[in-house]
Amino acid sequence: MSSGSRPSSGGGGGGGGASGGAGGGAPGGGGGGIRGFFSKLRKPSDQPNGNQVQVGTRTFEAHELQKLIPQLEEAISRKDAQLRQQQTIVEGHIKRISELEGEVTTLQRECDKLRSVLEQKAQSAASPGGQPPSPSPRTDQLGNDLQQKAVLPADGVQRAKKIAVSAEPTNFENKPATLQHYNKTVGAKQMIRDAVQKNDFLKQLAKEQIIELVNCMYEMRARAGQWVIQEGEPGDRLFVVAEGELQVSREGALLGKMRAGTVMGELAILYNCTRTASVQALTDVQLWVLDRSVFQMITQRLGMERHSQLMNFLTKVSIFQNLSEDRISKMADVMDQDYYDGGHYIIRQGEKGDAFFVINSGQVKVTQQIEGETEPREIRVLNQGDFFGERALLGEEVRTANIIAQAPGVEVLTLDRESFGKLIGDLESLKKDYGDKERLAQVVREPPSPVKIVDDFREEFAQVTLKNVKRLATLGVGGFGRVELVCVNGDKAKTFALKALKKKHIVDTRQQEHIFAERNIMMETSTDWIVKLYKTFRDQKFVYMLLEVCLGGELWTTLRDRGHFDDYTARFYVACVLEGLEYLHRKNIVYRDLKPENCLLANTGYLKLVDFGFAKKLASGRKTWTFCGTPEYVSPEIILNKGHDQAADYWALGIYICELMLGRPPFQASDPMKTYTLILKGVDALEIPNRRIGKTATALVKKLCRDNPGERLGSGSGGVNDIRKHRWFMGFDWEGLRSRTLKPPILPKVSNPADVTNFDNYPPDNDVPPDEFSGWDEGF
C-alpha cells in the first residue's frame with residue numbers, strides 16, 4: 001500500500017496524528033513513550049505542505065510515520081500480553097493473601113481459645129478476689145505516674161475473658177459506724193489532701209468524705225531497705241508517701257520510684273486483691289495509711305446518711321404521702337444539690353417555676369407582695385428539712401411568693417418537673433393505684449433466707465447424691481473451681497452442668513454470704529431466661545450446684561470468634577437479657593454481673609443468664625453497698641460506694657450493647673483502676689466508633705449509662721418498657737421472642753447431649769484444694 005492510498009487516515013490535515021494517537025511506541029526524537037510521542041504531533045502552522053507532521057522540534061513526512069504503524073501495533077500487542085501476564089500474577093497474589101488471611105483468622109481464634117483456657121487456669125493462682133495476672137508492667141495502682149493507657153488488640157477486639165471482683169459484704173447498715181481519728185499537723189493534713197486531689201480516683205470523692213479520709217489515716221514508718229508491700233501478698237491498705245523515697249519492682253525488674261505526695265494501693269481499698277508489685281523503702285520513709293474497712297465505712301456512711309435524710313424529708317411532703325418507698329427512693333437519687341449565697345432570690349413571686357426544693361442546710365425567708373402594700377410582707381422563715389415549691393411538680397407554674405436565701409448561705413436539694421414526671425408519671429393517675437405500696441411491703445415482709453422450691457422438676461432430684469453424678473467433660477475453669485458436664489445415674493441422654501466451688505477459696509475471700517445468696521436466688525427463680533438450679537451438694541473441699549446445661553456455649557465465645565455482632569444479632573441478645581432482668585427486678589433482685597461471659601446459648605439459640613454469685617435481693621426502696629462486679633461493667637455509684645440498686649443493671653446493659661457491637665467494652669484500660677477512672681469521666685466523654693454501632697444504638701447506650709442512676713432509661717415510671725420503646729427496638733417482635741417463635745440469629749450446632757464442641761478445651765485439673773471444716777456451708 002502506497003502512502004497516497006491512505007490520505008484520510010494517515011496524511012491529510014494531520015489525520016495521521018489522530019490515528020496514530022490510538023497506538024503507542026516512540027520512534028525516537030519525541031521520547032516519553034507511545035502516548036508521549038503522539039501527544040506532540042501537530043501540523044506546523046507555517047508550513048504550506050499538508051503531508052508534514054511536526055513532533056516536538058522535528059518535522060516528519062506523513063508516509064514516514066505510516067511505516068511505523070505496524071511496529072507500534074506490534075509493540076502494543078507485546079505490552080498487552082505483558083499486562084495480562086502481570087494481571088494474572090497479581091490475581092494469584094490476591095487469592096493467596098486472602099487464603100493467608102483466612103489461615104491467620106483461624107490461627108488467631110485458636111490462640112484466643114488457648115489464651116482463654118490459660119488465663120482461666122491461671123485464676124486458680126491469682127488473687128483472692130479473682131483478679132487476673134497483670135498483663136503489662138504496672139504497680140497495682142501503686143502510683144499514678146506508673147499507670148499506663150489501655151493496650152487493645154489491633155482490631156479493637158478484646159480477646160481475654162473479663163474477671164469479676166468483689167469486696168467482702170459489709171454490715172455497716174446494721175451497726176453504728178465508729179471511726180477513729182488520728183492527730184496530724186496542719187501541714188500533714190494539707191499534704192494528704194493535695195495527694196488525694198491529684199489522684200484521678202480519690203478526687204471524685206465528696207468533700208466530706210475526703211475530710212474524713214484525712215482524719216482517719218494513721219502513721220506508719222519504714223527504714224531503708226524494708227519492704228512496705230510485697231508482690232503476691234493480699235492487699236487491703238492505701239498509702240500516701242509523706243517523706244522519703246521508695247522503689248517499685250515486679251519479679252525483680254525495677255518499674256519506678258515514688259516520693260512524697262504519691263498515693264499507692266488505691267485498688268486494695270475497693271475490694272480483695274493481691275499486690276502485683278513490690279515496694280521497698282530506699283530511705284527511711286513516713287507513710288499515712290488507710291484500711292479498706294475504714295474507707296468503706298466512710299463512703300458508705302455518708303451515702304446512707306444522705307439518702308436516709310432525703311427519704312425522711314420527702315416522706316413529709318403532703319403530695320408524696322401515698323408514694324411507695326421505692327419511688328421516693330428514686331426521687332432522692334435524682335435530686336441535685338445547689339448552693340445560694342445570702343440575699344439570693346431562689347424563687348421570685350410571679351415567675352414560672354418547675355422545681356421543688358428541700359433545705360439541706362441554712363435558712364430561707366419567705367416574702368409575699370400583697371396588693372396595696374409597697375413592700376413585700378415577710379411570711380415566715382424556713383429551716384433545714386423544710387421544703388417549698390412542691391406545687392410546681394403538679395404543673396401549677398406561677399410562684400406565689402419570694403424565697404430568699406439567708407446569710408451566710410443555704411444549701412438546697414432540687415427536683416425538677418421533668419425528672420419527677422419520668423420517675424413518677426402523672427401524679428393524679430398515680431393516686432388511682434396505691435396498691436404498689438402494699439404489694440412492695442408484702443415483698444419486704446417475706447423472709448429473705450428460706451429457699452422456695454418453685455418447680456416440680458426439682459422434686460425428681462431430691463434423692464440424688466454426689467455419688468450418682470458422673471463427670472463427662474469440662475465446660476469451664478476459674479479461681480473459684482470448675483464447671484463440669486455431668487450425667488446422673490449413668491444416663492447420658494440427659495446431661496447437666498455441675499459447678500464446683502472451692503470452700504477454702506470462698507472462705508479466704510469472705511464470699512460465704514454471696515454463695516448462699518446465689519443458691520437461694522436461683523432456687524427461687526423459674527423462668528426460661530435464667531439457667532435453672534436443680535440441686536446443691538457439699539463435701540470437705542467443695543460446694544456444688546447441679547445446673548441446667550446450655551450446650552450452645554457462652555455468648556462471649558461466639559462474640560470472640562465472630563469479632564462483633566450486627567444490629568439484628570445484638571438486638572436479639574439484648575432483648576433476651578432484658579427479659580431476664582425484668583424478671584429479676586420484679587422480684588427486687590439486682591443481678592450485678594451482666595456480661596457476655598455470663599450469657600449462655602441453649603440448643604435453641606435463645607439466651608439464658610447464669611452465675612448469680614453477686615445477685616442480691618433488696619428491700620423496697622433500699623440500696624446495697626458491697627463493691628462487686630466486673631471492672632469494665634461496674635457503674636459509677638458502685639465505684640464511689642454511694643449505694644446501688646437495680647439501676648446498676650441498666651448501666652451494665654448499656655455496656656453490654658457496646659461490647660456486642662464493638663467486640664469490646666467501651667471502658668477498658670490496662671488495669672482496673674484506670675478503667676474506673678474512665679468510667680467516672682462518663683459515657684459522654686467516650687468516642688464510640690460509628691462504623692459498627694449506629695446513632696440509634698449509641699443514643700440508647702447513652703440513656704442507659706447516665707451518671708445519675710435515677711436518670712437511666714428503665715429507672716423511670718415506665719420501667720423496662722421505656723427501654724423496649726426506644727427507637728433501636730422499633731419493629732422488634734417481642735411477642736415472638738417470648739413465645740420462642742422468633743428465629744434466633746445464630747443456631748448452635750449440638751449433635752448430642754454430651755457434645756461440648758461449643759466450649760473451649762480445658763486440661764485436667766490436678767490441683768486438689770485443702771479441706772475446709774469451718775462449717776459455714778451447713779445447710780447448703
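Just so you know, the numbers here start at 1 and follow the chain as drawn.
Each Cβ is built from the backbone N, Cα and C atoms, and glycine gets one as well.
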Besides L475, G476, V477, G478, G479, F480, G481, R482, V483, which of K492, K494, K499, K503 does Swiss-Prot list for that ATP site? K499
With DSSP as the yardstick, break the region 'Disordered' (757-780) down into helix, strand and coil residue counts. 0 helix, 0 strand, 24 coil
Integer Å value for the Cα distance linking D593 (active site, proton acceptor) with V483 (ATP binding site) is 18
Validating a neighbour-count step here. Other CB atoms within 10 A of the CB of V483 (ATP binding site): how many? 23
Any idea what DSSP makes of G479 (ATP binding site), helix, strand or coil? coil
For G481 (ATP binding site), the number of other Cβ atoms found within 10 Å of its own Cβ: 24
Listed in sequence order, the residues of the same chain lying six or more positions from L475 (ATP binding site) whose CB sits under 8 Å from its CB are V483, E484, L485, A497, V549, V756, F759
